[in-house]
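S.K.: This structure is in C-alpha cells; I'll ask about it shortly.
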Ligand SMILES: C[S@@+](CC[C@H](N)C(=O)[O-])C[C@H]1O[C@@H](n2cnc3c(N)ncnc32)[C@H](O)[C@@H]1O
C-alpha cells in the first residue's frame, strides 16, 4: 500500500490561557475533595483515574465540580439538558479575549471599560456568561427561547451572587414580523405569539410542533429571532457568541456514542442545521453592522465553515477569522467577523510561507503522466471561469482568478469535504487562525508539475505578485486542488 505524505498538520492545542492548558483536571483530587463526584471515578489498568464519558450523571458532576473548584461557580442543570465541558467552553472564551485585545479593529468604548457580550442560546447551563463573567469580569446578555433554558439559566445566575449583576438572561420573544410566504405567494404572519413551552422533550420536532413554521424548502431559517428583534435599541456589544443547534435531526445529534452530554431536541436541532442558524446570524449582522464589534459563532462542520466564510465576503464583512477548537477527538471551528474598518493592513503571519505551496502526489496510477495532471489542473481552475494558460514545455499552468472564481473554487470544495467526512480521500488539515480581507483584485499564481520518480509527482504553486490580495485563500484553494488530483490520479491511500 502506498502511503501519501500528509501536509504537516499542526497539533491541536488548548488555548494557552485556558486553566487546563498545563494540566488537565485531576479526577483523583476532585474525587477526594468532592464525595458526590467520587462514585463516578474508577481506575483503569494503568492506574489512571477515569470517568465513563457515556454516563450523563458523571459528565454533569464533573462539570459541576470543575466549575465550583476552579471557578467558584455554583451550577446545576436538570436531567437531559446539554452538559458543557468546561475546558472546551473556556477555549471559546479565550479566543474572544484574543479578538477583543487585538488592534486590528478600533477599540471602541461603547460601555466604558466594561466588555459586553451577547450569548445567543445560552441554554440551561448558561456556561458562557458564567465563565466570561467569572474569568474576565465581562457583562453578558444570554438569550434563549425555551422555558427550561430560561428558568435554569436564571437559577444558575442567581446562585452566583458575586457575578449575578453582570449577567442578564433575556427571553427571545416571538416576533410579529415573523412572516412566512404562503403557497399563493401572499405574506402572512405565521404566528405572532409563538409558544415554545412544553416541546423540550419531543424526540424530534413533530409535524404539529411550532418548529414547522421554521423551515422552508430551501432550509432557510425562519425560526424565532436571533439578534434582530432581541437586541434592544441603543445597545452596543463588543461581541456575540453562539454554540448553535448544530444538527438537522436528533438522529444526527446522537451519532457520537462515546460521550453523553445530554441535549434535548430544542438544544441540538434546528431545521437547516447550523448552516441555516448561522446564516441568520450573518443576515442579522448585516442589518446591525457595528452594533457589535465582533460577531462570532462555533461551527461544527468544516464544510459549513467554508461556505459561511465565503458568504461573509459576499455580504461585505471587513475581516473574517477562523480558528479550530478541539473537543477530545472531534473538532469544532470558531468563525468571527466584523464590519468595523480594519485599523491596519492585516498580513497573515503565514503569508510569506503561503506564497509558495507544494504537495506530493504519490501512488499515481500507471496510465497517468505529468501532462494528464497538468491538463487536469487547467480544467480544475477553468471550470470556475478563471483564466488559465497551460505551457506544456515548462509543465506549468498560469492562473488568474477573480473574487468570484475564488468563491466558486471554495464552493466546489463542498464535494471533497463531504467525502473527507466519510474518511475517503482528504485528511482534514488544521486551520489555524487565518484572516481574509474583502478582495479587491485577483489572485494570480503559477502551478508547476514535476516528475520525481515514477508514480510520484511534485505539484508546486507560487503566487505571482508581491502583495497578497486574499491572505489564506491561496492555501485553501491549493488544498482543494490537492484533494481533486489525489482523487483522480492516485491509488487508494493507506490510512495512517
Ligand atoms: C447547542 S445549545 C447551546 C447551549 C449553551 N450555550 C452551550 O454552549 O452549552 C443551543 C441553544 O440555543 C437555543 N436557541 C435555539 N434557537 C434560538 C434563538 N432563536 N435564540 C436564542 N436561543 C436559541 C436553544 O434553546 C439552546 O438552548
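Every residue gets a Cβ built from N, Cα and C, even glycine.
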S.K.: Please pick, from 89, 158, the residue that TrEMBL records in the S-adenosyl-L-methionine site together with 121, 144, 243.
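M.R.: The record-listed residue among the candidates is 89.
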S.K.: Of the residue ranges 1-20, 21-40, which one carries the region 'Disordered' annotation in TrEMBL?
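M.R.: Spelled out, TrEMBL records region 'Disordered' over residues 1-20, not the other listed ranges.
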S.K.: Taking only same-chain residues 6+ apart in sequence, whose CB is under 8 Å from that of residue 121 (S-adenosyl-L-methionine binding site), what do you get?
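M.R.: Non-local contacts for residue 121 (S-adenosyl-L-methionine binding site): 143, 144, 145, 149, 242, 243, 244, 245, 267.
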S.K.: Based on the record's binding annotation for S-adenosyl-L-methionine (89, 121, 144, 243), what whole-number value in Å is the widest Cα to Cα distance?
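M.R.: Across 89, 121, 144, 243, the two farthest Cα atoms sit 18 Å apart.
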S.K.: For residue 89 (S-adenosyl-L-methionine binding site), which DSSP three-state class applies?
M.R.: helix
S.K.: May I have the list of same-chain residues other than 89, 121, 144, 243 whose Cβ is within 8 Å of the Cβ centroid of the recorded S-adenosyl-L-methionine site, in sequence order?
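M.R.: Those within range, site residues removed, are 82, 119, 120, 122, 123, 125, 127, 128, 142, 242.
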S.K.: Near residue 89 (S-adenosyl-L-methionine binding site), which residues of its chain come within a Cβ-Cβ distance under 8 Å, counting only those 6 or more away in sequence?
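M.R.: Those within reach of residue 89 (S-adenosyl-L-methionine binding site), by Cβ under 8 Å and sequence separation of 6 or more, are 127, 128, 131, 243.
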